[in-house]
Every structure is written in structure tokens, then in C-alpha cells.
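Trainee: Below are the C-alpha cells for one structure; questions will follow.
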């Protein structure tokens, strides 16, 4: 018997459990101390510290779920062909989502699609669907160009065993110097890139770029009648793998452009709505049992990634109740010490291993292979869609360009199709949270499905990380709102979640309550410092036993976090920036996300979906490479940061003067340490306020 995958528990699990028991006792001791001094001469400060430490204790307790049973998996794709033939591989539909051609440049989306079209997979079983929720002619033009370039790029990748199948990435590695053929392919790519950029900049498709009457008709129709928020459905089959061949005579995978119907009078449900539209459109055209969802900037870095998925899907032991296989997000072009902690190492390399030891990883929105059946009810109760053509087991028996197929595809992509149906509630990707990915994964686990976390040595996918502080915290603000929507929803992880999936409900709850991190960060950034300015001690003296408890809790929490971070491949520099970003997020995106959620829950404003910019500015890129904080644009979220930085700076130096002048030295030590620690973390803020003009050196 040839093994397809193995599972191994992490060796640090026992130590994690022992430390959790000891640290729990310390938490109860600290809370007892707070209650003891509640009637001291500083009752407001005592109450504030009690509240913040209670929040920290709750977040720490939910965090321990990830440390109870972390596991690591390994796949053996080299054994796959020993147990099944390529002709027996299940069909694969790939969904690539884009929403804004100015924040998500069409050429980036094109590169993503081309990279997955080059999968080491039978082309007659591979279909790539591109969802253009921005309704932009430039995106359609980009994929018309991509269809032409794919005829040269795919055989080139196959012939040269290319691993970095994203053309931009491949040519940036100076492969063009290898041979004339490579130089010729690169020239074709650069010319395509120029044409697409020109259409984006001008807003129209020039006649010189149109090579057929069919293209001219499509682009004229789009330009005349479409707007981003109000347009009919458009579905274009750009490559038909039953007809179109590459330059070597091999059939190409399907490439289908989809822009669902949008109307200002109908809710779009943002990315989840776009994914559900593609789920229905793909069902009418190919209905593959396996679906890969990708963000527009998440390109393939290993053509054999689908084979790793088959190691689980084809294994009788793991395929039972399997809903999806999740790959970690990896990012290209990170600064040497990952200044904005955009690698999400704790999420993808620590916590998700713990998730996997329970019922599997959560869905993170990209790099995810779904079993189509899992999106139609629980394992024991299939929910049939409205028409048989959308059933997950329906066999499509007509060509994808037949009039009946295209007519039905346009019908299911209409904005009114979901009215009075189960889409978004019991079927497909779930509505109800701005973090539709996290919510969908949670609901699938509650229904009884399991998932797999696949972490190969060679990253399966690479994406683009934010390179400005504003883009980073704006993204987290959206996640904060989505988390609170989950926490207080009908299917809250703290009620329904803990009842149906036990400890995993607390794991989901941990992310749902991220925004309450703003409470302890604000309290510890302001209360001890304001007391320090008045020379008032609110913490135990150095000579008191309670002082040692504070020291243990700080060093214990930070020490465990640092050890886990380094064991999963991190460095001290990256860990330091990671903990600093958590301090920054508290009084900025988490605070404002909480207020925005509150206002919108009261009906004062409506929820929106802000797309994270994928556009790279040269000056911003230089600052990022030099690891200089780039605040991007003015934002109210920076105001609490600046206030906290200034208060801690003044309180530290005034406190130092008070201690030198003979004030209560022992009683002010902890407050001085806290102010000093925050002040060190705020150095980039001081630098931006005083030492820099934000001009690139």
C-alpha cells in the first residue's frame, strides 16, 4: 500500500498543556489581587485594570485551544500515480475574484489566472473562471489578451518544467537570459502588459488592439451600457478546451470570464455573492467536483499543488466528510523583518496547526480547494438547489458554448436569482459577515464537515502583502467588523459553535472577538501613564510578592509567543514587529472597527467592503524595503496612536524625573517599565512625526 499522506502531532503539545495549567493559576491570582485593591485610593484605575486583565485572560484562554492538539501533515504526490491514473482525476474548477481594476490591476489578475492554467493537471479537466465584480472593460480586455498569450506560455512552462508559472514572477528572476525562446516569450508578455496598462489608463479599448469583429462588438457593448454598480451579466468563453489548442497542438484548459449582473437595488453580498454566482455559473458549464478559490493576487508557485489535494480527496481515510483543503497564504516581496507583520505567521504557522488538530483549518479566503458537495448542506443532508443543473452531482453533457448552456449561465448570474432561495444561508458561501471566508468555514464545520491544512515545504501560492500601514490596518478593520458580526450573530461561535463543535467553537470565537483587544491596549497605554504623570502608584512595589506575579505573566506570555514564533520559522526581528503591530492595531483598527460595527448595528450607517489596494507605488516600495513606516494617507485611525505615543513619551521622562527627585521609586517601577516598553514600540511613530518628511532617501 502506497501512503498518500501522514499526520504527526507536534512535540511541544505536552509542554503547552503544563504551561497553560500554571498560567491559569497565575491569572486567577492576578484577578484576586485586583479585587482586593478595588477600594484603594485609585478605584477608577483599579477597575480599568481589572476590566483589561479580564479581557486579556479571556483572549488568552480561547487562544489555548490552538495549543491543545496541533498537528502537521505531509503528502506524497509521487505515490498518487501508483494508485490512480490521470484519466481518473476529478475535474477542477478554479475561481479567481477581482472587484476593482484600479486597486487590483488587471495584469495581476491575468498573471494569477495564467499561473493556475499551467497546473500539472489534465487540461480537459481544468477550467478557470474569472469573476470581474468591478464591471470593467479593461479586465475583459486583459483576459482576451491572456487567452492569446496562454497559447505560448503554457507549452513553454510544460517544456521547461517552470515552477514559478506567474509570468511576472518568472521573468523578474532573470530567466530571460537563458535562451532566445525565453526572451521571445518575455517580449510577448511585456507587450501584452503595455497594452493592458494602456486600456486601464485610457478607460477604453483602442481599435488597434481589437483583432476580430466579435471582440469589437463585445467591447463596444460593454463601454456603452455598463457601469460598475449597474450592469447585466456578461459571460465570455475565452478558451474552450474542446476546441482551442496551444502552439504545440495540445488542448488548453477552459478560460471563462464572468461578470454577474449587478443592480443598485439588489444586495451584492460582496465577495461571497460573487463566489456564489461563479458556483452556479460553473455548475451549468463544467460542474467540477473540486473547486479552488483564489484572490486576484494569489498565484501558483507549484504546478503540482492539485496533486497534493488529491492525496486527501482520493484517500478513503481522509475524504470522509472532507469539505476543503486549505493552504497557507504566503507573500512575496516582504521586507527583511516583515515590518507590518503581513506574513501572518502566528495565524498561518501556529494557530492553523492547532485548528487542524481539532476538525481542520478554517477557510482563509484564498488557496482553498473545496469539495463542491460540501457547499450544499451537511454530510448527511444534501440540500438540493432550485434547478437540477446546479446539483453538485449533475453531469453536464453539452459543450460550454452551446446556446442553452450560455443562456442558463446568464440566468443563474442574474442579481435577482437568489431571491427566496437558500443561497448564502444554507447553500454556497455564507452571507452575514464581511469576513465571508471565515464565516463560511465556521458554518461548514458546524454542519459536520472536516477540513485539512496542507503546508508543503515549497509554498503552493504566493500573494501580495500591504506595503503601507494604512492598507494594513484598513484590512484589519474590515476583519474586525466581520468578526463582531459573527460573535453576535444567530450562529455565534460562543453559543451554537461551542454546542456543535466544542472547543473549536472557542477557537472561532477567539478571532471573532479580536476587536476587544482595543480595551487592554488602551487601558495599558493610558491609565498607568496618566497616574505616572501625577506620581501615583497603581501597581505593586518591587519588594512585594505581587510584583513577581506581574513579571511572570508578562515574561511567560511573551516568552511562549516568541518560542512558538521562532519554532515555526520566524526570527526575533519579525517577532518584534509582529507584537508591535498588535499594539498598534488595538487603538486604531480594532477601536474604529468596534465603533463602526456599533453604529451600523444601530442603523446609523451601512456596511461596506473596502478592497485592499494591490497597486505598488515606487516611493512606497522604497520605504517598505528600507523598513520605514509609511502611513499612506491621513486617517482618523492614526489619531489615538499619536496620542498614546506622546503621552507615553512625556510620562516616561517626567516619571524618571520624579524617581530621581525622591518619589516612590519602588511603586513606580512597573509603570515606568510599561511606559518605556510602549515608547520603544512607538519609535516609528516618533520618527514619522519629528525625524522624517516622508520623502524617499
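Each residue, glycine too, has its Cβ placed from N, Cα and C.
Any TrEMBL annotation is an automated prediction that lacks curation.
Straight out of TrEMBL:
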- 14-32: transmembrane segment (TRANSMEM)
- 44-66: transmembrane segment (TRANSMEM)
- 103, 104, 133: UDP-alpha-D-glucose binding site (BINDING)
- 133: active site (ACT_SITE)
- 271, 295: Mn(2+) binding site (BINDING)
- 437: active site (ACT_SITE)
- 508-527: transmembrane segment (TRANSMEM)
- 547-567: transmembrane segment (TRANSMEM)
- 588-609: transmembrane segment (TRANSMEM)
- 637-656: transmembrane segment (TRANSMEM)
- 668-686: transmembrane segment (TRANSMEM)
Trainee: Want to know which binding-site residues, from 103, 104, 133, are within 10 Å of residue 271 (Mn(2+) binding site) at Cα; which are they?
Mentor: 133
Trainee: Among all protein chains shown, how many Cβ atoms are found within 10 Å of the Cβ of residue 271 (Mn(2+) binding site), not counting that one?
Mentor: 22
Trainee: Who are the long-range neighbours of the transmembrane segment (44-66) in its own chain, taking Cβ under 8 Å and residues 6 or more past its ends?
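Mentor: For the transmembrane segment (44-66), the nonlocal Cβ contacts are 16, 20, 23-24, 27, 30-31, 34-35, 37-38, 350-351, 353-355, 358, 503-504, 506-507, 509-510, 513, 516-517, 519-520, 523-524, 527-528, 531, 536, 538, 557.
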Trainee: Go through the chain and flag residues at least 6 beyond the ends of the transmembrane segment (547-567) whose CB is under 8 A from any CB in it; none is fine as an answer.
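Mentor: Contacts with the transmembrane segment (547-567): 12, 16, 19, 23, 26-27, 29-30, 33, 60, 345-346, 350, 539-541, 574-575, 578-579, 669-670.
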Trainee: Could you measure between residue 103 (UDP-alpha-D-glucose binding site) and residue 295 (Mn(2+) binding site) for me? Cα positions, answer in whole angstrom.
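Mentor: Cα of residue 103 (UDP-alpha-D-glucose binding site) to Cα of residue 295 (Mn(2+) binding site) measures 13 Å after rounding.
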Trainee: Rounded to a whole number, what is the top Cα to Cα distance in Å among the residues the record ties to UDP-alpha-D-glucose, namely 103, 104, 133?
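Mentor: 13 Å is the greatest Cα spacing among the residues binding UDP-alpha-D-glucose.
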Trainee: Among the recorded positions listed here (104, 437), identify the one with the smallest other-Cβ count within 10 Å.
Mentor: 437
Trainee: Cα-Cα separation of residue 437 (active site) and residue 295 (Mn(2+) binding site), in Å?
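Mentor: Here the two Cα atoms lie 11 Å apart.
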Trainee: May I ask which residues of the same chain, at least 6 positions away in sequence, place their Cβ under 8 angstroms from the Cβ of residue 295 (Mn(2+) binding site)?
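Mentor: The answer is 96, 97, 112, 365, 366, 463.
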Trainee: If you draw a 10 Å sphere around the Cβ of residue 133 (UDP-alpha-D-glucose binding site), how many other Cβ atoms fall inside it, taking every protein chain shown into account?
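Mentor: The answer is 25.
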Trainee: Using all protein chains in view, find how many other C-beta atoms are within 10 Å of the C-beta of residue 103 (UDP-alpha-D-glucose binding site).
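Mentor: I get 16 for this one.
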